[in-house]
Structure formats: C-alpha cells, structure tokens
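K.L.:
Got a structure here, written out as structure tokens. Questions coming.
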C-alpha cells in the first residue's frame, strides 16, 4: 500500500471538504423546497377548508332567499382567493418538476 505525501493528503482533504460543502448546499436547498411543498399543501387544504363552507353558506342563503348574504359570501370568497392563490402559484412555480408531480398525484 502506498503512502501519501502531505501535499496529496491536503489535496484529498480539499476535495472532500468541497464535496461536503456541495452536499450541505444541496441538502439545504432540498429542505427549503420540501418546506415550500408543505406550505403549498397547507395553503391548498386551507383554501378547501375555507371555500367549501363559504360556498355551502352561499347556496343555503340563495335557496332561503337571502341574496344580500350571498353577495357578502361571494365577496369574501373572492377576497380570500385573491390573497391565497397568488402565493400558492408562486410556491408551485418555485418547485422542481418532480415535486410538482408528487403534489399532482396527492391532489388527485
């Protein structure tokens, strides 16, 4: 077995440190994308949790003849969607294609 010189050991150490640094950067990047994925799912579920009751209330008010309540409900539904949907789209667009596919599968 061959013994390495000090300069060769230093070169090996430098390469190992660079690989470790790159792996750490990739891990941090993957963690950030993962948290964005969870944020997307949370926003999406929150949107469903808020939207469905508002739609049910609007339909119930419509059938009961309370048209002003329908208008108020639709207004707040529009406000909520206009606040949440752009954030969801920006999170979705910042994700890699593989994460988007996972979310599509989860969604359907």
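Don't overthink the numbers, they just go from 1 along the chain as shown.
Here the Cβ of each residue, glycine as well, is placed from N, Cα and C on the backbone.
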K.L.:
Could you check which of 67-85, 86-104 is flagged in TrEMBL as transmembrane segment?
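P.N.:
TrEMBL lists transmembrane segment for residues 67-85.
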K.L.:
With a Cβ cut-off under 8 Å, give me the same-chain residues at least six positions beyond the ends of the transmembrane segment (67-85) that come close to it.
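P.N.:
Apart from its flanks, the transmembrane segment (67-85) reaches 43, 46-47, 50-51, 54-55, 57-58, 61.
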